[in-house]
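Residues or ranges marked as domain 'Ion transport' by TrEMBL: 55-282, 483-627. According to TrEMBL, the transmembrane segment annotation covers 82-102, 123-142, 184-207, 219-237, 257-280, 402-420, 426-448, 460-482, 502-521, 597-626. Feature annotation from TrEMBL assigns region 'Disordered' to 710-739.
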Amino acid sequence: LSFKVSFPTLTVVLPLLSPNEDLLLAAAYVSDAQYNRNVPFETSPQAVRLYHFYNHWTMRAATYFFIWGDLALALFEEPALFPLPFLATSIAEVLCLTAFSGRLVHFAKVTPQMVFWKDTKNICIVVTIVLTLIDLITYGSLEAVNIHGVRWSRALRPVFLINFPESRQIRRAFRSIRNTLPDILYVFLLFIFSMLVFSLMALKLFGDRGLKTVEGSPYFTNILDIAFELYVLVTTANSPDVMMPAYEFNWWYSLYFITYIIINTYIFMSVFLAVVYNNYRKHLKNEIRTLAYLKRHKMIEAFNILKVKVGTEFVVKEAQWRQLAKIVAPDISSSHLELLLRISDEGQKGYVDKMNFLRLADLLNIQVVTINIKRHPLEAWMPRVYQSSPSLLVQKTVRHRIFVWVYDVIILINAIFIALDEKNPLISYAEWLFLSLYIIEILLKLYTYEPRAYFGRKQFWNCVVSVLLTSSLCLVSETLFYPRFRVIVTTLINIGPTMLTFGGLVLVVYYVFAIVGMEVFHGKVHFFDPSSTSPDALVCGNPALKDSAFARSRYCRNNFNDLAASLILLTELTVVNQCFPLLADGFALVTHQASKLYFIGFHVVVVILIVNIFIAFILEAFFVAYSLEKSEVETAIEKKIQELGVGVQEEEVQDGKLIDNVDAKDSGFSGDDGDNKRRALKGLYFRIASKRYKTVDALLQQMFESEIAPEDEGPSLEEILNFSPSDVHPKNPSFENSA
């Protein structure tokens, strides 16, 4: 069986053959290289087929469904937001554990046994499943005899989110924390020592002077209370309240607090960020280097499976290459596949050499937009009018850069008018003028560009802008989607996918702290309706909070009585405003002063560690994006696609103006009547999706790979897996400067 695909300058006959074992094994290696998977698997035919099934999107989706379902059970378990019987939640959890066990068994079937049991991730999953079952049985047995137990295994549920192979990005974020801990520990111990020294100084300075706080409590007479207040002062959450009793007594005492803030808030917190950032960069470089060499290693393995000798060199035949690409990317269009083959087989020799074969994973990762060039409907309906001189002048004007600049000026003027007094009739009527101008812009573009290209699937923002314009929100949309601050926009787009990774990391930490908080603090604080006349409403349902700042501030809704309330409270703690000491003090009053360690621990993990790592990532993202923007780095693959006659350069494309950017030499038209020939042309063309949508990790890996010579097969697999940040191999000054 075969079928023919034709479009400008490209014609191909594609054979449809069933894949054999060698092709499936090679496809597994290429797919791993494409998605940066590092899973050692058996190479027997049955194991390879199981491995392909293991990586199928339906299996991954099912795994995530059960992971999120398992995490969501906390909403229905006591203390619950939506209470369900224990039997119902326990059955649901057993189903989730069964799915996890099945996924783990599936993974064991494709992985060598020794490798499977040496993998810490697999051991963590097995141990967590066993502990959860033990906890379920124990808790259920106690409930059966009306004895209240503690569901301690719920805090282990994020283990499944972290340790399944699909969550390698979240796992990498945790590795960043783990790798950073040894170095940051020394700084943290020095910070604690400094804080304790200042606590002892405060005890000696203020302890015997009979000072009182605003609430009437003794001021700085207990070393543990002093240490907590000074720790909170580092966050500035209790500034200047903590200083006021001493400051009112003698203004010279303010120098003590100023010195403390300079040393611990500004110096130590900055050192924390510096240590985290330095370690993040160091370990990021090591991981990117490992990924780059693993990808090269897997592509070489795939090549060695399919290679045949032609003349003096080993190559992969064109038919084998086509079948391999279709197995790895079954949804790839025939025209897109032919385009990739034209890049890989430059001389149209009927085979792909080793250097070009190694680029297959990168080729499949590059988003190629297929453009179907069609004539404008008005040109078909009324060709003489649409081709008339006035009509061509309008089209030429709309395509010109000056047209864009004029509307940029209009946007600026509109922004100035919005900032003025809207009650002025002139200003009010001007808004209608600006709205009319924006509608005229859309109509002119629709007249110039083929409507289906303007509102096509790949022209999403044109649709958004049009809808918002008709909703009189034109200024916001135009200003947002036609920015001139491209570096900042590029950075924000690049960090978007990885922000989801950090979102998963934060969710894991929040979930664990929420479960622990629910077990320790639930039922200690209660919320009453504002219209309630109950005396308990004034003390949040707990007499221990009488006359406390917690109760006076009406913080009763900030409690750990269900998962949703717990997550909201933890979000408030992350902001570290004045609620941090109030919440800690309030829950210490209803339990024990030692409970303040819970709030300090949360601040250390989330604010000092995770937030600093996130800041380090954003800094790295900005530096990389800025560097690439200034140098306009393009890979050789992208350049080759753009050099083809069917390639369209992204940066020059505006709206539906696609065919005008095709190289005239290859597309077969040039000269004065080029416009007419372009309008008469039909067929498929391509453009590279914008570099703005590449992740920072992909850019860094691409930059590192550019330092590897095409003939360099790199170190052995064992050496790759044992890379450490202190290794000097390989040396890559470009990557070092950028990362």
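Each Cβ is built from the backbone N, Cα and C atoms, and glycine gets one as well.
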Fill in: Feature contact check the transmembrane segment (219-237) with the transmembrane segment (257-280), CB under 8 Å, 3 or more pairs
yes
Worksheet item: Across the domain 'Ion transport' (483-627), what does the pLDDT come to on average, as a whole number?
Response: 83
Discussion item. What does the DSSP secondary structure composition of the domain 'Ion transport' (483-627) look like, as residue counts for helix, strand and coil?
Written reply: 108 helix, 0 strand, 37 coil
